[in-house]
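J.: Annotated NADP(+) binding site per TrEMBL: 166, 167, 168, 232, in sequence order. Look at TrEMBL and you will find 6-121 tagged as domain 'Tetrahydrofolate dehydrogenase/cyclohydrolase catalytic'. Under the heading domain 'Tetrahydrofolate dehydrogenase/cyclohydrolase NAD(P)-binding', TrEMBL lists 140-286.
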Ligand SMILES: Nc1nc2c(c(=O)[nH]1)N[C@@H](CN(C=O)c1ccc(C(=O)N[C@@H](CCC(=O)O)C(=O)O)cc1)CN2
C-alpha cells in the first residue's frame with residue numbers, strides 16, 4: 001500500500017480563505033476588524049519566523065495584527081503588564097504569547113494571566129477544563145488542525161482506535177480530549193510506554209507528537225491506518241552543511257503501510273496558523289455577541 005498524502009498546506013489555505021470571508025462579514029456587522037495580538041519575547045529564530053507568518057496571515061485574512069516584540073531580558077512583571085494591557089483593549093479579540101519563553105519567565109503564570117475569552121491558543125487552564133467537559137471555549141490550534149484533517153479524510157471517527165504519542169499540554173493532552181469527544185477509543189502513549197510499537201500497531205489513527213525525529217517506524221503501523229505527524233525536527237540533510245525538516249514518523253516506511261499520512265513539512269504545521277485565525281475570528285464574534293454558526297468554520 002502507498003499512503004495518500006494528506007495535504008495540510010492546501011487544507012489550511014482553504015480554511016484561511018473561509019476565515020477571510022467571515023472576517024469581512026464580521027467587519028460589516030461590528031464596524032471594526034477582528035484583532036489578534038501576538039507577543040514575542042526574545043530572538044529565537046524559529047519563533048521569529050512563526051510570529052512573522054502569523055502577522056502576515058492575520059492581515060491577509062482581513063484582520064488587524066498587533067505585534068509586540070520584547071527583548072529577551074524582559075522581566076516577567078513587564079510581560080504580565082503587557083498581557084493585562086491587551087486583556088483590557090477592546091480592539092484585541094485574541095492574545096497569543098509565542099512559546100517557548102526565555103527561561104527566567106514562568107510560562108504557566110503568563111498563560112494564566114490571559115483572559116480565557118481572548119486565549120486563542122487555548123492554553124489557559126479554563127479552556128483546558130472547558131475542552132475536558134465539552135463546553136465551548138478555545139482548543140489549541142495544532143490538535144484542532146489535526147482533528148480537522150482526520151475528519152476531512154475519515155468522516156465519522158467514532159469507534160476507531162486512536163493512539164496519541166506524546167502527553168504535552170499543547171498537543172498530546174488536548175488531542176486525546178478531542179478524539180475522546182469524537183467517540184474514539186484513545187490511548188495516550190509516551191516515552192515511558194512499554195511496548196510502544198505494539199501499542200501503536202493497534203491503532204486506526206496514530207498521532208505522533210513526541211518530538212523525536214523519525215521515531216515511529218513503518219513496522220509499528222497497522223496496515224491501512226491514518227498517520228498524523230505533528231513533529232517538526234531539523235536534522236542533517238544529505239548534502240554537507242545542509243539541514244532538512246523531518247517529522248516524528250519515519251515517512252517512507254510508514255507511507256508504505258498506512259492508508260494516509262501527513263508529510264513534514266506541509267502537513268500539520270500550516271494548520272496551526274490557519275486554526276489560530278479561525279480561533280481569533282470566533283473570539284471576535286463572541287466578544288461582540290454576534291452569532292456564528294457552529295459549522296461556519
Ligand atoms: N503560543 C504558541 N507557541 C507555539 C505554538 C503555538 O501554537 N502557540 N506552536 C509552535 C510553533 N508554531 C506556531 O507558533 C508553528 C510551528 C510550525 C508551523 C509550520 O507551518 N511549519 C511548517 C514548516 C516550517 C519550516 O519550514 O520551518 C510545516 O510543518 O510545514 C507553523 C507554526 C511552538 N510555539
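A Cβ is built for glycine as well, from the same backbone N, Cα and C atoms used for every other residue.
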J.: Among 166, 167, 168, 232, which binding-site residues lie by ligand 1, judged by Cβ under 6 Å to any atom?
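T.: 232, in sequence order.
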J.: Run through the domain 'Tetrahydrofolate dehydrogenase/cyclohydrolase NAD(P)-binding' (140-286) and tell me, per DSSP, how many residues are helix, strand and coil.
T.: 56 helix, 30 strand, 61 coil
J.: I want to check the contact list for residue 167 (NADP(+) binding site): same chain, sequence separation of six or more, C-beta distance under 8 angstroms. What comes out?
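T.: Looking at Cβ-Cβ distances below 8 Å from residue 167 (NADP(+) binding site), excluding near sequence neighbours, one finds 173, 188, 190.
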J.: Can you check which residues sit near residue 168 (NADP(+) binding site), meaning Cβ under 8 Å from its Cβ, same chain, 6 or more apart in sequence, and list them in order?
T.: 209
J.: Applying a 10 Å Cβ distance cut-off over all chains shown, what neighbour count does residue 166 (NADP(+) binding site) have?
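T.: There are 23 such Cβ atoms around residue 166 (NADP(+) binding site).
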